[in-house]
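*Asks:* Here it is: the structure, laid out below.
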Amino acid sequence: MYSSSVVSNPNERLVNNRVENDLESSDDTLSTQAKPVSRLLTRKLLLGVVVLFFLAGVSVVSYFLFSKYKMLNKFKRELDDHLTKDFPNLERSKRDTCFDELTRLFGDGFLSDDPKLEYEVYREFEEFNSKYNRRHATQQERLNRLVTFRSNYLEVKEQKGDEPYVKGINRFSDLTEREFYKLFPVMKPPKATYSNGYYLLSHMANKTYLKNLKKALNTDEDVDLAKLTGENLDWRRSSSVTSVKDQSNCGGCWAFSTVGSVEGYYMSHFDKSYELSVQELLDCDSFSNGCQGGLLESAYEYVRKYGLVSAKDLPFVDKARRCSVPKAKKVSVPSYHVFKGKEVMTRSLTSSPCSVYLSVSPELAKYKSGVFTGECGKSLNHAVVLVGEGYDEVTKKRYWVVQNSWGTDWGENGYMRLERTNMGTDKCGVLDTSMSAFEL
(Lines of atoms letter the chains of each structure in order from A and count residues from 1; the text may use other names and numbers.)
(Lines give C-alpha, C1' and ligand atoms only; values in the text may rest on other atoms or scores of the structure.)
Protein backbone atom coordinates (compact mmCIF):
# COMPACT_ATOMS: atom_id res chain seq x y z
CA MET A 1 0.00 0.00 0.00
CA TYR A 2 1.39 3.36 -1.01
CA SER A 3 1.25 6.73 0.78
CA SER A 4 -1.36 9.20 -0.34
CA SER A 5 1.38 11.80 -1.16
CA VAL A 6 2.73 9.71 -3.97
CA VAL A 7 1.42 10.79 -7.38
CA SER A 8 0.25 7.78 -9.28
CA ASN A 9 -1.27 9.51 -12.25
CA PRO A 10 1.23 9.66 -15.18
CA ASN A 11 -0.23 12.88 -16.53
CA GLU A 12 0.12 14.56 -13.18
CA ARG A 13 3.74 13.44 -12.92
CA LEU A 14 4.45 14.92 -16.34
CA VAL A 15 2.96 18.25 -15.27
CA ASN A 16 5.02 18.29 -12.09
CA ASN A 17 8.22 17.53 -13.98
CA ARG A 18 7.58 20.38 -16.40
CA VAL A 19 6.97 22.77 -13.51
CA GLU A 20 10.21 21.71 -11.86
CA ASN A 21 12.14 22.10 -15.12
CA ASP A 22 10.67 25.56 -15.65
CA LEU A 23 11.69 26.59 -12.14
CA GLU A 24 15.25 25.33 -12.65
CA SER A 25 15.43 27.09 -16.00
CA SER A 26 14.20 30.27 -14.37
CA ASP A 27 16.89 30.01 -11.66
CA ASP A 28 19.59 29.51 -14.29
CA THR A 29 18.32 32.48 -16.24
CA LEU A 30 18.35 34.70 -13.15
CA SER A 31 21.86 33.51 -12.25
CA THR A 32 23.08 34.16 -15.78
CA GLN A 33 21.55 37.63 -15.78
CA ALA A 34 23.02 38.45 -12.32
CA LYS A 35 26.65 37.79 -13.33
CA PRO A 36 26.94 40.67 -15.87
CA VAL A 37 25.29 42.98 -13.36
CA SER A 38 27.81 41.97 -10.69
CA ARG A 39 30.71 42.48 -13.07
CA LEU A 40 29.39 45.88 -14.06
CA LEU A 41 29.06 46.96 -10.46
CA THR A 42 32.61 45.76 -9.71
CA ARG A 43 33.99 47.67 -12.69
CA LYS A 44 32.18 50.82 -11.68
CA LEU A 45 33.48 50.48 -8.15
CA LEU A 46 37.07 50.02 -9.33
CA LEU A 47 36.72 52.95 -11.71
CA GLY A 48 35.42 55.06 -8.88
CA VAL A 49 38.37 54.12 -6.69
CA VAL A 50 40.82 54.93 -9.51
CA VAL A 51 39.14 58.28 -10.08
CA LEU A 52 39.29 59.08 -6.38
CA PHE A 53 42.99 58.21 -6.21
CA PHE A 54 43.65 60.26 -9.34
CA LEU A 55 41.82 63.26 -7.95
CA ALA A 56 43.66 62.86 -4.64
CA GLY A 57 46.99 62.68 -6.49
CA VAL A 58 46.13 65.74 -8.55
CA SER A 59 45.17 67.57 -5.39
CA VAL A 60 48.44 66.66 -3.67
CA VAL A 61 50.53 67.65 -6.69
CA SER A 62 48.56 70.86 -7.11
CA TYR A 63 48.99 71.67 -3.45
CA PHE A 64 52.72 70.92 -3.64
CA LEU A 65 53.19 73.03 -6.75
CA PHE A 66 51.14 75.85 -5.31
CA SER A 67 53.09 75.71 -2.03
CA LYS A 68 56.38 75.64 -3.92
CA TYR A 69 55.22 78.60 -6.01
CA LYS A 70 54.30 80.53 -2.87
CA MET A 71 57.61 79.68 -1.20
CA LEU A 72 59.58 80.70 -4.29
CA ASN A 73 57.75 84.02 -4.51
CA LYS A 74 58.31 84.60 -0.80
CA PHE A 75 62.04 83.84 -1.19
CA LYS A 76 62.28 86.18 -4.20
CA ARG A 77 60.49 88.97 -2.37
CA GLU A 78 62.62 88.67 0.78
CA LEU A 79 65.85 88.36 -1.21
CA ASP A 80 64.94 91.43 -3.24
CA ASP A 81 64.16 93.38 -0.05
CA HIS A 82 67.44 92.25 1.54
CA LEU A 83 69.53 93.30 -1.46
CA THR A 84 67.70 96.61 -1.80
CA LYS A 85 67.88 97.54 1.87
CA ASP A 86 71.29 96.20 2.92
CA PHE A 87 73.26 96.38 -0.34
CA PRO A 88 71.93 99.44 -2.18
CA ASN A 89 75.25 100.08 -3.96
CA LEU A 90 75.56 96.61 -5.44
CA GLU A 91 76.14 96.78 -9.19
CA ARG A 92 72.99 96.06 -11.17
CA SER A 93 74.56 93.31 -13.26
CA LYS A 94 75.96 91.54 -10.18
CA ARG A 95 72.65 91.96 -8.39
CA ASP A 96 70.71 90.43 -11.27
CA THR A 97 73.14 87.52 -11.60
CA CYS A 98 73.01 86.85 -7.88
CA PHE A 99 69.21 87.06 -7.81
CA ASP A 100 68.79 84.70 -10.76
CA GLU A 101 71.29 82.12 -9.48
CA LEU A 102 69.97 82.03 -5.93
CA THR A 103 66.32 81.80 -6.95
CA ARG A 104 67.15 79.04 -9.40
CA LEU A 105 68.98 77.04 -6.75
CA PHE A 106 66.16 77.65 -4.27
CA GLY A 107 63.63 76.42 -6.81
CA ASP A 108 65.73 73.29 -7.35
CA GLY A 109 65.72 72.60 -3.61
CA PHE A 110 69.39 73.31 -2.84
CA LEU A 111 68.93 76.33 -0.56
CA SER A 112 67.17 77.13 2.69
CA ASP A 113 64.33 79.66 2.96
CA ASP A 114 66.68 82.18 4.60
CA PRO A 115 67.77 84.63 1.87
CA LYS A 116 70.13 86.50 4.21
CA LEU A 117 72.09 83.34 4.96
CA GLU A 118 72.13 82.29 1.32
CA TYR A 119 73.40 85.67 0.17
CA GLU A 120 76.10 85.52 2.85
CA VAL A 121 77.23 82.18 1.39
CA TYR A 122 77.04 83.65 -2.11
CA ARG A 123 79.31 86.58 -1.21
CA GLU A 124 81.83 84.24 0.43
CA PHE A 125 81.77 82.11 -2.72
CA GLU A 126 82.53 85.14 -4.87
CA GLU A 127 85.45 86.10 -2.62
CA PHE A 128 86.69 82.51 -2.75
CA ASN A 129 86.61 82.52 -6.57
CA SER A 130 88.53 85.78 -6.68
CA LYS A 131 91.15 84.67 -4.14
CA TYR A 132 91.86 81.33 -5.79
CA ASN A 133 91.36 82.52 -9.37
CA ARG A 134 88.52 80.11 -10.09
CA ARG A 135 87.06 80.09 -13.61
CA HIS A 136 83.98 78.06 -14.52
CA ALA A 137 83.42 76.73 -18.03
CA THR A 138 79.61 76.81 -17.80
CA GLN A 139 76.94 78.26 -15.57
CA GLN A 140 75.96 74.76 -14.48
CA GLU A 141 79.53 74.08 -13.34
CA ARG A 142 79.49 77.35 -11.39
CA LEU A 143 76.23 76.43 -9.67
CA ASN A 144 77.53 72.96 -8.84
CA ARG A 145 80.62 74.53 -7.26
CA LEU A 146 78.44 76.95 -5.33
CA VAL A 147 76.36 74.09 -3.90
CA THR A 148 79.52 72.21 -2.84
CA PHE A 149 81.08 75.36 -1.39
CA ARG A 150 77.86 76.09 0.50
CA SER A 151 77.98 72.71 2.21
CA ASN A 152 81.59 73.22 3.34
CA TYR A 153 81.01 76.83 4.35
CA LEU A 154 78.04 75.96 6.56
CA GLU A 155 80.03 73.14 8.16
CA VAL A 156 82.72 75.67 9.07
CA LYS A 157 80.19 78.29 10.19
CA GLU A 158 78.22 75.91 12.39
CA GLN A 159 81.17 74.62 14.45
CA LYS A 160 80.24 74.35 18.11
CA GLY A 161 83.72 74.25 19.59
CA ASP A 162 83.42 70.67 20.79
CA GLU A 163 86.63 69.67 19.00
CA PRO A 164 90.19 70.79 19.81
CA TYR A 165 90.68 72.14 16.30
CA VAL A 166 89.07 74.79 14.12
CA LYS A 167 87.99 74.37 10.51
CA GLY A 168 88.28 77.03 7.85
CA ILE A 169 87.65 77.88 4.22
CA ASN A 170 90.57 77.24 1.90
CA ARG A 171 91.43 76.17 -1.65
CA PHE A 172 89.69 72.80 -1.22
CA SER A 173 86.32 74.24 -0.20
CA ASP A 174 84.65 73.87 -3.61
CA LEU A 175 85.73 70.26 -4.15
CA THR A 176 83.60 67.18 -3.63
CA GLU A 177 85.06 64.29 -1.64
CA ARG A 178 85.62 62.34 -4.85
CA GLU A 179 87.46 65.25 -6.47
CA PHE A 180 89.64 65.70 -3.40
CA TYR A 181 90.83 62.09 -3.32
CA LYS A 182 91.51 62.25 -7.05
CA LEU A 183 94.10 64.95 -6.29
CA PHE A 184 95.79 62.67 -3.76
CA PRO A 185 96.34 59.18 -5.17
CA VAL A 186 97.69 56.42 -2.95
CA MET A 187 101.47 56.52 -2.39
CA LYS A 188 103.62 53.45 -1.77
CA PRO A 189 106.30 54.04 0.91
CA PRO A 190 109.74 52.38 0.64
CA LYS A 191 111.12 49.70 2.94
CA ALA A 192 113.26 50.65 5.94
CA THR A 193 117.03 50.81 5.50
CA TYR A 194 119.36 49.40 8.15
CA SER A 195 121.48 51.71 10.28
CA ASN A 196 122.97 51.04 13.71
CA GLY A 197 122.78 53.43 16.63
CA TYR A 198 126.51 54.16 16.75
CA TYR A 199 126.47 55.23 13.10
CA LEU A 200 123.68 57.71 13.73
CA LEU A 201 125.20 59.08 16.93
CA SER A 202 128.58 59.58 15.31
CA HIS A 203 127.21 61.61 12.42
CA MET A 204 125.27 63.87 14.82
CA ALA A 205 128.26 64.76 16.96
CA ASN A 206 129.11 68.10 15.42
CA LYS A 207 129.00 71.48 17.15
CA THR A 208 126.60 73.14 14.75
CA TYR A 209 124.10 70.33 15.06
CA LEU A 210 124.35 70.24 18.87
CA LYS A 211 123.89 74.01 19.07
CA ASN A 212 120.75 73.87 16.91
CA LEU A 213 119.46 70.78 18.70
CA LYS A 214 119.57 72.58 22.07
CA LYS A 215 117.62 75.47 20.56
CA ALA A 216 115.11 73.06 19.05
CA LEU A 217 114.66 71.45 22.47
CA ASN A 218 114.45 74.87 24.12
CA THR A 219 117.18 74.03 26.62
CA ASP A 220 120.61 75.33 27.63
CA GLU A 221 121.69 72.01 29.08
CA ASP A 222 123.87 69.51 27.26
CA VAL A 223 121.89 66.83 25.44
CA ASP A 224 122.58 63.13 25.90
CA LEU A 225 122.18 61.87 22.34
CA ALA A 226 121.79 58.29 23.50
CA LYS A 227 118.63 59.26 25.41
CA LEU A 228 117.22 61.65 22.82
CA THR A 229 113.57 60.79 22.04
CA GLY A 230 112.29 63.70 20.00
CA GLU A 231 109.70 64.86 22.53
CA ASN A 232 109.31 68.64 22.89
CA LEU A 233 111.63 69.13 19.92
CA ASP A 234 110.71 71.78 17.37
CA TRP A 235 113.24 72.59 14.65
CA ARG A 236 111.55 75.93 14.01
CA ARG A 237 113.06 77.23 17.25
CA SER A 238 116.54 76.93 15.77
CA SER A 239 115.55 78.37 12.38
CA SER A 240 116.27 74.98 10.84
CA VAL A 241 113.06 74.94 8.81
CA THR A 242 112.82 76.86 5.56
CA SER A 243 109.78 78.77 4.35
CA VAL A 244 106.40 77.16 3.72
CA LYS A 245 105.90 76.40 0.05
CA ASP A 246 102.81 76.14 -2.12
CA GLN A 247 102.37 73.25 -4.55
CA SER A 248 99.30 74.98 -6.01
CA ASN A 249 97.48 72.69 -8.48
CA CYS A 250 100.49 70.41 -8.92
CA GLY A 251 100.43 66.96 -7.31
CA GLY A 252 104.11 67.25 -6.47
CA CYS A 253 104.00 66.91 -2.67
CA TRP A 254 106.74 64.25 -2.94
CA ALA A 255 109.12 66.83 -4.45
CA PHE A 256 108.19 69.59 -1.99
CA SER A 257 108.63 67.26 0.98
CA THR A 258 112.04 66.12 -0.25
CA VAL A 259 113.29 69.64 -0.86
CA GLY A 260 111.99 70.87 2.51
CA SER A 261 113.72 68.04 4.34
CA VAL A 262 117.03 68.49 2.51
CA GLU A 263 116.97 72.24 3.19
CA GLY A 264 116.28 71.48 6.87
CA TYR A 265 119.20 69.06 6.98
CA TYR A 266 121.65 71.74 5.82
CA MET A 267 120.19 74.31 8.21
CA SER A 268 120.29 72.05 11.28
CA HIS A 269 123.72 70.53 10.63
CA PHE A 270 125.69 73.28 8.88
CA ASP A 271 123.76 76.56 9.31
CA LYS A 272 123.57 76.73 5.54
CA SER A 273 120.43 78.26 4.11
CA TYR A 274 119.31 77.00 0.70
CA GLU A 275 116.15 77.44 -1.32
CA LEU A 276 116.41 74.51 -3.71
CA SER A 277 114.55 73.82 -6.93
CA VAL A 278 111.42 71.71 -6.61
CA GLN A 279 110.96 72.17 -10.34
CA GLU A 280 114.12 70.20 -11.11
CA LEU A 281 112.71 67.15 -9.36
CA LEU A 282 109.37 67.53 -11.14
CA ASP A 283 111.08 67.81 -14.51
CA CYS A 284 114.00 65.44 -14.18
CA ASP A 285 113.23 62.59 -11.76
CA SER A 286 112.51 59.92 -14.37
CA PHE A 287 111.14 57.44 -11.81
CA SER A 288 108.37 59.82 -10.76
CA ASN A 289 105.53 61.39 -12.68
CA GLY A 290 105.90 65.11 -12.13
CA CYS A 291 102.69 66.81 -11.00
CA GLN A 292 100.81 63.52 -11.29
CA GLY A 293 102.63 61.97 -8.32
CA GLY A 294 106.02 60.60 -7.40
CA LEU A 295 108.21 58.69 -4.96
CA LEU A 296 110.16 60.08 -2.01
CA GLU A 297 112.81 57.39 -2.37
CA SER A 298 113.35 58.25 -6.02
CA ALA A 299 113.53 61.96 -5.22
CA TYR A 300 116.16 61.46 -2.50
CA GLU A 301 118.20 59.27 -4.81
CA TYR A 302 118.09 61.99 -7.47
CA VAL A 303 119.32 64.59 -4.97
CA ARG A 304 122.09 62.26 -3.80
CA LYS A 305 123.21 61.43 -7.32
CA TYR A 306 122.70 64.70 -9.23
CA GLY A 307 122.03 67.43 -6.67
CA LEU A 308 119.65 70.36 -7.11
CA VAL A 309 120.11 73.90 -8.40
CA SER A 310 118.53 76.79 -6.51
CA ALA A 311 114.88 77.77 -6.83
CA LYS A 312 116.10 81.06 -8.24
CA ASP A 313 117.90 79.27 -11.07
CA LEU A 314 114.91 77.00 -11.82
CA PRO A 315 111.71 78.31 -10.19
CA PHE A 316 108.47 76.42 -9.69
CA VAL A 317 105.93 76.89 -12.53
CA ASP A 318 103.03 74.70 -11.36
CA LYS A 319 103.59 72.00 -13.99
CA ALA A 320 106.20 69.49 -15.08
CA ARG A 321 108.20 70.18 -18.24
CA ARG A 322 110.97 68.64 -20.28
CA CYS A 323 114.10 68.25 -18.17
CA SER A 324 116.42 71.19 -18.82
CA VAL A 325 118.63 72.27 -15.92
CA PRO A 326 120.73 75.46 -16.15
CA LYS A 327 124.43 75.30 -15.41
CA ALA A 328 124.60 76.48 -11.83
CA LYS A 329 125.80 75.45 -8.39
CA LYS A 330 124.19 72.25 -7.14
CA VAL A 331 123.49 70.97 -3.63
CA SER A 332 123.34 67.24 -2.97
CA VAL A 333 123.11 64.92 0.05
CA PRO A 334 125.80 62.35 0.94
CA SER A 335 123.28 59.68 1.93
CA TYR A 336 119.74 59.10 3.20
CA HIS A 337 117.85 56.57 5.29
CA VAL A 338 114.30 55.26 5.55
CA PHE A 339 112.80 54.80 9.02
CA LYS A 340 109.64 53.10 10.25
CA GLY A 341 107.47 53.32 13.36
CA LYS A 342 108.96 54.88 16.49
CA GLU A 343 112.31 55.39 14.76
CA VAL A 344 110.62 58.11 12.71
CA MET A 345 110.64 60.10 15.95
CA THR A 346 113.72 58.80 17.74
CA ARG A 347 116.14 58.74 14.79
CA SER A 348 114.72 60.68 11.86
CA LEU A 349 113.11 63.69 13.57
CA THR A 350 115.95 63.98 16.11
CA SER A 351 118.42 64.33 13.25
CA SER A 352 116.66 67.07 11.26
CA PRO A 353 113.31 67.96 9.70
CA CYS A 354 112.29 64.83 7.79
CA SER A 355 109.94 63.71 5.04
CA VAL A 356 106.92 61.67 6.15
CA TYR A 357 103.81 60.24 4.54
CA LEU A 358 100.26 61.08 5.66
CA SER A 359 96.79 59.79 4.87
CA VAL A 360 94.94 63.05 4.29
CA SER A 361 91.17 63.49 4.02
CA PRO A 362 88.64 66.23 3.18
CA GLU A 363 88.23 66.73 6.94
CA LEU A 364 91.96 67.27 7.39
CA ALA A 365 91.97 69.65 4.42
CA LYS A 366 89.53 71.93 6.32
CA TYR A 367 92.04 72.33 9.19
CA LYS A 368 92.73 75.91 10.25
CA SER A 369 94.14 75.76 13.78
CA GLY A 370 94.37 73.73 16.98
CA VAL A 371 95.25 70.07 17.47
CA PHE A 372 93.71 67.99 14.69
CA THR A 373 91.82 64.96 15.99
CA GLY A 374 89.47 64.49 13.04
CA GLU A 375 89.10 61.78 10.44
CA CYS A 376 92.12 60.83 8.33
CA GLY A 377 92.21 59.18 4.92
CA LYS A 378 92.25 55.41 4.52
CA SER A 379 95.60 55.20 2.69
CA LEU A 380 98.89 57.12 2.62
CA ASN A 381 98.40 59.72 -0.11
CA HIS A 382 100.43 62.81 0.78
CA ALA A 383 104.00 63.75 1.75
CA VAL A 384 104.94 66.55 4.16
CA VAL A 385 107.82 67.61 6.43
CA LEU A 386 107.77 66.57 10.09
CA VAL A 387 109.47 69.33 12.09
CA GLY A 388 108.59 68.71 15.73
CA GLU A 389 106.59 67.32 18.65
CA GLY A 390 104.92 69.17 21.50
CA TYR A 391 102.22 69.44 24.16
CA ASP A 392 99.14 71.66 24.18
CA GLU A 393 98.26 73.00 27.63
CA VAL A 394 94.69 73.87 26.68
CA THR A 395 93.64 70.54 25.22
CA LYS A 396 96.10 68.48 27.30
CA LYS A 397 97.17 66.67 24.14
CA ARG A 398 100.56 65.85 22.66
CA TYR A 399 100.93 66.59 18.98
CA TRP A 400 103.19 66.40 15.94
CA VAL A 401 104.24 69.57 14.11
CA VAL A 402 103.89 69.17 10.35
CA GLN A 403 104.91 71.61 7.63
CA ASN A 404 102.58 71.27 4.65
CA SER A 405 103.02 72.51 1.08
CA TRP A 406 99.57 74.11 0.71
CA GLY A 407 100.69 77.70 1.23
CA THR A 408 100.65 79.94 4.30
CA ASP A 409 96.90 80.57 4.11
CA TRP A 410 96.26 76.95 5.06
CA GLY A 411 96.36 75.80 8.69
CA GLU A 412 98.53 77.67 11.17
CA ASN A 413 100.52 79.68 8.63
CA GLY A 414 101.15 76.54 6.59
CA TYR A 415 101.71 74.23 9.58
CA MET A 416 99.55 71.70 11.35
CA ARG A 417 99.46 70.27 14.84
CA LEU A 418 98.48 66.64 14.49
CA GLU A 419 97.25 64.69 17.50
CA ARG A 420 99.77 62.17 18.85
CA THR A 421 97.91 58.95 19.64
CA ASN A 422 100.74 56.49 20.46
CA MET A 423 98.77 53.85 18.58
CA GLY A 424 100.13 51.93 15.59
CA THR A 425 101.63 54.29 13.03
CA ASP A 426 99.95 57.14 14.94
CA LYS A 427 97.57 59.78 13.64
CA CYS A 428 97.08 59.73 9.86
CA GLY A 429 100.05 57.34 9.53
CA VAL A 430 102.63 59.98 10.45
CA LEU A 431 104.97 57.31 11.90
CA ASP A 432 104.55 54.88 9.02
CA THR A 433 107.64 55.97 7.06
CA SER A 434 110.16 58.80 7.08
CA MET A 435 113.18 59.74 5.02
CA SER A 436 116.15 61.81 6.17
CA ALA A 437 119.46 62.95 4.74
CA PHE A 438 122.61 61.79 6.55
CA GLU A 439 126.37 62.06 6.44
CA LEU A 440 128.24 59.06 5.10
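Glycine too: its Cβ is placed from the backbone N, Cα and C atoms.
Pasting the feature list from Swiss-Prot:
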SIGNAL    1-60  signal peptide
REGION    166-182  region 'Involved in processing to yield active enzymes'
CARBOHYD  Asn206  N-linked glycosylation site
DISULFID  Cys250-Cys291  disulfide bond
ACT_SITE  Cys253  active site
ACT_SITE  His382  active site
ACT_SITE  Asn404  active site
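Walk me through the surroundings of each of these features.
*Replies:* Sorting the region 'Involved in processing to yield active enzymes' (166-182) by DSSP state (H, G, I as helix; E, B as strand; all else coil) yields 6 helix, 2 strand, 9 coil.
Proximity of Asn206 (N-linked glycosylation site) to non-local residues of its own chain (separation of 6 or more, Cβ distance below 8 Å) is seen for His269, given in sequence order.
The Cβ of Cys250 (disulfide bond) lies under 8 Å from the Cβ of Leu282, Gly290, Cys291, Phe316, Asp318, Lys319, Ala320, each of which sits 6+ residues away along the same chain.
Secondary structure from DSSP puts Cys253 (active site) in a helix.
DSSP assigns His382 (active site) to a strand. Sequence-distant contacts (6 or more apart, same chain, Cβ under 8 Å) of His382 (active site) comprise Phe184, Met187, Cys253, Tyr357, Leu358, Ser359, Val360.
The secondary structure of Asn404 (active site), as reduced to three states from DSSP, is coil rather than helix or strand.
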*Asks:* Which of the three DSSP states, helix, strand or coil, fits Asn206 (N-linked glycosylation site)?
*Replies:* coil
*Asks:* Who are the long-range neighbours of the region 'Involved in processing to yield active enzymes' (166-182) in its own chain, taking Cβ under 8 Å and residues 6 or more past its ends?
*Replies:* 124-125, 128, 132, 134, 145, 148-149, 152-153, 155-156, 159, 361-362, 365-370, 377, 381, 406-407, 409-410
*Asks:* Would you identify which of the recorded positions Cys253, Cys291 has the most other C-beta atoms lying within 10 angstroms of its C-beta?
*Replies:* Cys253
